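A.B. asks: For ASP78, the entry in TrEMBL reads active site, proton acceptor. Per TrEMBL, site 'Important for substrate specificity' is recorded for ARG16, THR79, GLN161.
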Amino acid sequence: MKHAAPLIYLASQSPRRRALLRQLGIPHRVLVPDVNEAPLPRETPEDHVRRLARIKAEVGAMRVLKRRWPPLPVLAADTVVVLGRTLLGKPVDAAEAAAMLARLSGRRHRVLTAVALAFQGKLQLALSDTQVVFRRLAASEIEAYVASGEPLDKAGGYGIQGRAAAFVRRIEGSYSGVMGLPLFETAELLRKIGIRIP
Ligand SMILES: Cc1cn([C@H]2C[C@H](O)[C@@H](COP(=O)(O)OP(=O)(O)OP(=O)(O)O)O2)c(=O)[nH]c1=O
């Protein structure tokens, strides 16, 4: 059906999350939450993504309530790249993107994505944890990739769904989780509140 009534809200500005939710065929409406994404001191990467996914879903649910929109469930997510003990979020500029890619070159990192679903005053959370191995990248490759503009709005400065696919030797875990919305975990959360993949 082309204009099916929305079943949920997706609280996200990320075009990747919208595309991934479309892949599941769940009709949805988008809300854009405005949330401060700075890590707290001594917060683990797992706690960090869980906290942000939760806040995005809760801020979305508050908005729905305030505006008296139909009270549908609100889905949100947060993604970070973890290299050793360092969290890599979205680079602020091209120089930071290049520095991130130089650190990822020839190494293994993790991509953590937490998904949160707020409905009827309750919140459910799931965590996706994926290992990604990059081949070694030449400085000229990093430069060309950064010049493509692709790294700028993405955690760790790369998009596995884009040209950076050519850097990825191996992944173990969830491809959709690396892209920003782990679809297995998302479907499980939705199923628990009675929404099934059509
Ligand atoms: C590692 C990786 C991240 N990303 C993206 C997904 C997310 O959009 C972004 C991580 O930033 P987030 O802060 O998780 O999300 P966002 O600010 O883009 O969107 P919102 O908070 O409104 O939902 O990185 C990819 O698209 N591909 C990848 O391979």
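Cβ atoms are placed via backbone N, Cα and C, with glycine included.
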A.B. asks: Please report the distance from the Cα of GLN161 (site 'Important for substrate specificity') to the Cα of the residue listed as 'active site, proton acceptor', rounded to the nearest angstrom.
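C.D. replies: Each residue's Cα considered, GLN161 (site 'Important for substrate specificity') and the residue listed as 'active site, proton acceptor' end up 17 Å apart.
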A.B. asks: Please identify, from the recorded positions ARG16, ASP78, THR79, GLN161, the residue with the sparsest Cβ neighbourhood, meaning fewest other Cβ atoms within 10 angstroms.
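C.D. replies: The recorded positions ARG16, ASP78, THR79, GLN161 were compared, and GLN161 has the fewest Cβ atoms within 10 Å.
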A.B. asks: Would you identify the secondary structure of GLN161 (site 'Important for substrate specificity') according to DSSP, in three states?
C.D. replies: coil
A.B. asks: Determine, from DSSP, whether ARG16 (site 'Important for substrate specificity') sits in helix, strand or coil.
C.D. replies: helix
A.B. asks: For THR79 (site 'Important for substrate specificity') and ARG16 (site 'Important for substrate specificity'), what Cα-Cα distance in Å is obtained after rounding to a whole number?
C.D. replies: 12
A.B. asks: Fill in the CA-CA distance, ARG16 (site 'Important for substrate specificity') to the residue listed as 'active site, proton acceptor', as an integer in Å.
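C.D. replies: Each residue's Cα considered, ARG16 (site 'Important for substrate specificity') and the residue listed as 'active site, proton acceptor' end up 12 Å apart.
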